[in-house]
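A short worksheet on the structure shown next.
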Amino acid sequence: MATARRLMALAAGVSPRLRPLGPRAIGRQGGPRGLSTGCSRPDRTQEAAEAEAAPGEPGEGDGSVVNASRDLLKEFPQPKNLLNSVIGRALGISHAKDKLVYVHTNGPKKKKVTLHIKWPKSVEVEGYGSKKIDAERQAAAAACQLFKGWGLLGPRNELFDAAKYRVLADRFGSPADSWWRPEPTMPPTSWRQLNPESIRPGGPGGLSRSLGREEEEDEEEELEEGTIDVTEFLSMTQQDSHAPLRDSRGGSFEMTDDDSAIRALTQFPLPKNLLAKVIQIATSSSTAKNLMQFHTVGTKTKLSTLTLLWPCPMTFVAKGRRKAEAENKAAALACNKLKSLGLVDRNNEPLTHAMYNLASLRELGETQRRPCTIQVPEPILRKIETFLNHYPVESSWISSELRLQGEDILPLGKDSGPLSDPITGKPYVPLSEAEELRLSQSLLELWRRRGPVWQEAPQLPVDPHRDTILNAIEQHPVVVIAGDTGCGKTTRIPQLLLERYVTEGRGARCNVIITQPRRISAVSVAQRVSHELGPTLRRNVGFQVRLESKPPARGGALLFCTVGILLRKLQSNPSLEGVSHVVVDEEHERDVNTDFLLILLKGLQRLNPALRLVLMSATGDNERFSRYFGGCPVIKVPGFMYPVKEHYLEDILAKLGKHQYPHRHRHHESEDECALDLDLVTDLVLHIDARGEPGGILCFLPGWQEIKGVQQRLQEALGMHESKYLILPVHSNIPMMDQKAIFQQPPIGVRKIVLATNIAETSITINDIVHVVDSGLHKEERYDLKTKVSCLETVWVSRANVIQRRGRAGRCQSGFAYHLFPRSRLEKMAPFQVPEILRTPLENLVLQAKIHMPEKTAVEFLSKAVDSPNIKAVDEAVILLQEIGVLDQREYLTTLGQRLAHISTDPRLAKAIVLAAIFRCLHPLLVVVSCLTRDPFSSSLQNRAEVDKVKALLSHDSGSDHLAFVRAVSGWEEVLRWQDRSSRENYLEENLLYAPSLRFIHGLIKQFSENIYEAFLVGKPSDCTLASAQCNEYSEEEELVKGVLMAGLYPNLIQVRQGKVTRQGKFKPNSVTYRTKSGNILLHKSTINREATRLRSRWLTYFMAVKSNGSVFVRDSSQVHPLAVLLLTDGDVHIRDDGRRATISLSDSDLLRLEGDSRTVRLLRELRRALGRMVERSLRSELAALPPCVQEEHGQLLALLAELLRGPCGSFDVRKTADD
């Protein structure tokens, strides 16, 4: 009856502590016969018993649901461990993963976990929390309450022996074959006897070893639970007034008068529960049975003796009329004693596990604060001394042999060299009047001869507006064309411009640059326009994208290129002399490069008033752009679309059979979750193929992993019939030559299926597409100013994106659009995308700004954008560029920054390349940088583990993901050079490499080689990949290569530290934390150092940290020699020297502190200065032109450095245990 009243009260929301039970749970609360149906605490009041009555036996089916309460965590502080222990003890297994399945559902604010329990009965419980780990613990606590109600736990949550669990399970009807041979009962955790006089909480009596199963949590749980390293935790406890706990001065035996016991019981009304929880938390045990034992004697008056074996043997005696009363009084006396020792907080609640192990934490923290000892072999020390005596640092700084000041510093700014022709890339020379007249007449003749081809071109909606458009462009410096999808603006307007100029006899003056947001659209549109102009004028149309270029002839030229290419052209021709028009297509996408380009083009109007700017968009906020350019005219052009029939999620589920996807339907109808069901996508594509109209299928997916996932599912489903389908992935990871296949017409009887990101959303037309499957999602980079890391998130697209995607189905015939989201979601979508400039890191943008307009501050320059970024974000970018030595304190480019300006990649990677040229290990760094731009491995959701194993094998014992890249690419180059086709395919298959990505990487290496040559770092581009070239003299020195990479990426440095404390207060001494300058991070399982059982060095470098689900983690890392960190990083060092021993540390970071004898430390400091001098010399002069004597000095210095880094790390070893 009490249970029924409780359920009714809960359903009515009376209890503030427990959530209402699910309807399926009500009426199924009876326990099995012979088992206790309650989990009430000893000696509680009747009201408390009614309020806390436990649920009974699970229902007969698999659907019983019980919602967890946060308060249950007080009763079951380590619920997941307790559940594992019960099932493990009962079944004789080491882990209960198969019997406990956690299913996660991500809500907009709360995480939900449904825990499926498969023993002793199938039952489900639910938990909620702001983090996944919190929700799991809530669900596990609810399950523990069930277990206790079923009699599977004792009154104090203690476990039974395996034999008793066998009897209990028989009553539940558990099948006999699920029982394994039971293991003998084991004590919870070992402990040591201590004298109470010496007790310090967390001291020797506090157990420092965590329970094994808690240490071996799943990796995703580790990501969610949050960690604090030992040093950070100790600094927090010093600020906590409760941290300094008192020593014990009591004896080992206590027996007081009854009044004292009664007062203690008043203060601790549930003392036995409190004692059990304290011991369980302190000892990481699932039971306190073996550490607190009662012995009660007597008839009328009961005398109870409590022997407490933690934190040391203590005995408490009390009396009472009943056994329970006497035991509670003794337990209350024990609680009073623990509180006097500081082992219970002021609210009479247990402390955290870490606080009970505070002495061990302090000892570990002290170990971490000690500097690491360095021992350099005596022969190397003597070599360093000899070198420094021969080439003293201070006198060399002022040597006149190089005359490093004034005019002899290389002029690498924007004013260096002749202007470049933006169309052809050759030096710009204006046409003479005679040349212009001759070329214009030739173009007119060619135009007249092209008649039949022009007639074949279909009439497009933009054609009737030609005069309006052309007159507006002629009369206004800027014009915005708002052309609907399908109006023909992308292909036709450049031709209309060329036609007017040619037919008016001034065709040589028409040189149009048309930007496209992506490489594939620039190439495909150029080819389309070239075809429409016909063979006579085909050579007047060209394209230029990264790694591929086919420029048009000079005069009367149409050049299609990406925005990045035009930005590069502006460096060598700031006023775009020789260009008549710039057409910016698809400006509504608001990528960061386009917004940056608009700043430059707006300022360019003063330098080149004859230049005409045309902005084109289908769905953008065109009035905003008009206002940005001073109210320029907006010309609206209607488009033409064939009818497109739309289906939304509810329609799609009805077609496929709604019962097959209950979770998907419920999920989208009720939540804002951005999760894509790849099985649903696959089934929809197969359904369209089986029942839909003939024609191609274009499927929009968020990213590469989803593309590969759907591709593999389709291939498996199609099986033997795969030859009847052409499945084509489209992604920026794929080289242009492979992407062009999407435009080809498949053979008769073959259906084309294109799996693409938003790369296929605009500018390109795939003629045979009839069906569009729109996931409604895309990847979007977002920058967290607080953590200073980026997060590539899957988010909903905007309504403008939905319109564009739908339009791909109706370009050439009627079509169908299948939206994998409900109609209600469409209304919630933003009208336009958030501009990229507002949500991404700005280092590249600031560097570009300093190249184009060095006289302006970064904030001043970027304030002129259509949407100005956060000033704090700009300042952070400036600070980073100053930290890596690219900008000085006045925000001018340094000599290093001028070199970086030539290299088209992230500033830190560009710095690594520059340093690699100076340190003569260039080729491996070019490979690393290229692979960080494009992953060479053929990785997918299904084969990640296999790829990780291959990377580990390729890395050997280098401890480096980056050197795994080098070995993979070098092996491929070797196979290409000497082996046949079969050997090449075997190499790709064995090493899980992706041939198109390797081709792209090869192209990047070639491009970087050209950049390095332009930066005066090598004598000729081919030297960069030539093993015998001076720039590769030390390319086989792995520690040097990793050190140079670290020097480029610094301050991206990680120090590995032993021991951590979870956010829940659990101390894990055998785990490791990864500390950076900004705080703790996690290593992703994809880096080989995540699973390494032994690290040769405590220091790692990395390129990028990414934020996911509230945690920051690193995907790529390399172990680096501590001496490389000391010698190759920027900034100053700090030395403390007592004349015998000295410590040296980085002034800008607490991540490196080394100790050695005074002579060793002094020599290392001088060696560091010599290396800094070498870098500065090399940056101030053409590297290949340095005098022979300087080349010789640098060669000796690098040989010495390589030998030093070959030495062992010695005391820097860190052993990782299996519980990490």
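Quick reminder: no glycine exception, Cβ is built from N, Cα and C everywhere.
Of the listed segments 365-368, 465-468, 585-588, Swiss-Prot assigns motif 'DEAH box' to 585-588. Each residue in Leu460, Pro461, Val462, Ala618, Val637, Gly639 lies on the same chain as Gly483, Asp484, Thr485, Gly486, Cys487, Gly488, Lys489, Thr490 and has a C-beta within 8 Å of the C-beta centroid of that ATP site, without being one of the site residues. The average pLDDT computed over the domain 'Helicase ATP-binding' (470-638) stands at 91. There are 25 other CB atoms within 10 A of the CB of Thr490 (ATP binding site), with all protein chains counted.
The binding-site residues under consideration are Gly483, Gly486. Their Cβ neighbour counts within 10 Å are lowest for Gly486.
The C-beta environment of Cys487 (ATP binding site), restricted to residues of the same chain at least 6 apart in sequence and closer than 8 Å, consists of Leu460, Pro461, Val462, Ala618, Val637, Pro638, Gly639, Phe640.
In the structure as shown, the Cβ atom of Thr485 (ATP binding site) sits within 10 Å of 18 other Cβ atoms. Around Gly488 (ATP binding site), the same-chain residues at least 6 positions away in sequence with a Cβ under 8 Å from its Cβ are Leu460, Pro461, Val462, Asp463. Here the binding-site residues are Asp484, Lys489, and the one ringed by the most other CB atoms within 10 angstroms is Lys489.
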